[in-house]
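Reviewing the structure listed below.
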């Protein structure tokens, strides 16, 4: 779910005053009436409600989902954490704990600043009798400890001056929560174009030139399954995230299973980040080492540990929207990497002389996993769809995201393999000549990007685990220890299995095939079984069969090669 995920934030303003999709107007009007009723309850509750957070310029509306039983089960924090992971938005500085900086961050958006009555938002929920009464008076939407670790996406209209309140519209939520076409496209590309692009030349080396057909096939199928997710979201009231779809299709078991798969995929992306950092920093400083007594750490181990030490404090932040702003560099980093690769081949005269192999059957299973990893953004697509101004644009947005990303993937793959041939390594940055300035730019860009994305990528997992803690254990010290333990665990695995390409192929074969191809079709058939035509059943069955076959052969081949590296 990166593409590596992973991956994400930047302001893209638009003056378009788009309406919601016509098909959703009737249900949206009903939601508006419920929100109006809820607002009257909130007003009666007085000033007990939190008001110290500011809303994102592009996020998922929170109101309608509270009317559905789908969001009342674990994980309740999925939507909010994935929004911050994936959305291209303006930064929120409220994690610094000062109302001045919170208002400053709002002023950068060009929006009306909120009047903040609570100077510092508490980490843990108060347990007073007043709060208990207020909790029962409102629709339950609390996220346990997680709600205090990310800013609320619901603006407090009660505390905005009367003459500055937005005029309510019956069929839409607050315009602050609505994404334009351009914002949604950049969000989608930012999700897809992660570290997976680095291994596309290696994928051609493994499968040959004809392996690019697999890349194109996966792109087409990923677009189709993304549209299926939209159909699932529109099928029932209150569905907004991938776990919600799993709940609607297979009950609570489906919700939990899909959530675990998505979280494991994010966890694997964090492991990939650490392996990537160790590989590229050891390329920049190959002679670096550290000796502690009789123990000597080489450059790869040393830099992997140092990266972990650097990123660990970022996982302790209560508000990660500042990192979300920086991580929008994922799009920039991917484009810059391809430009640097092109520059090295054309301007610095490395050339494109290698002809390569047309087809390498033994390497096709690894290529399947590497190509599949590039399209692991489906865990985020429902969030993007839920935040759109004009939801009927989603198929076009999805086509644009996947199309542009595929062009970048194919461009990097072709140039990298033509330049380095059979010497192509798991990341094309490792093949770039060390003495060139452009090479250093590409490598340093690759190194910097995961540092900003690591905390955002692991936070959905940590927040879901924090939900499982007993209320009396949801202390900041316990949260820090839990997050630190997860970071250390990714370090141990990265040091134990330091094979970037093989780990990526394993994740792409096993997890991405499930998330991107198999589960969307299975959920679609389960939810809309009475409305599905025979040709849709045939297409979905074909995709499921392809996904299962690719998952089996790719997982077996990846695990076999990983084991071979130890024997």
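First residue shown is number 1, and so on along the chain.
Using N, Cα and C of the backbone, Cβ positions are placed for all residues, glycine too.
As annotated in TrEMBL, transmembrane segment covers the listed stretch 184-204 rather than the other ranges in 163-183, 184-204.
Counting same-chain residues at least six beyond the ends of the transmembrane segment (397-417), those with a Cβ under 8 angstroms from any Cβ of the stretch are 3, 181, 184-185, 188-189, 191-193, 196-198, 200-205, 212, 215-216, 219, 222-223, 226-227, 334-335, 337-338, 341-342, 345, 352, 354, 356, 374-375, 377, 381, 384, 388, 424, 428, 431.
Put simply, of 184-204, 288-311, 503-528, 537-559, the stretch with the most CB pairs closer than 8 A to the transmembrane segment (210-229) is 503-528.
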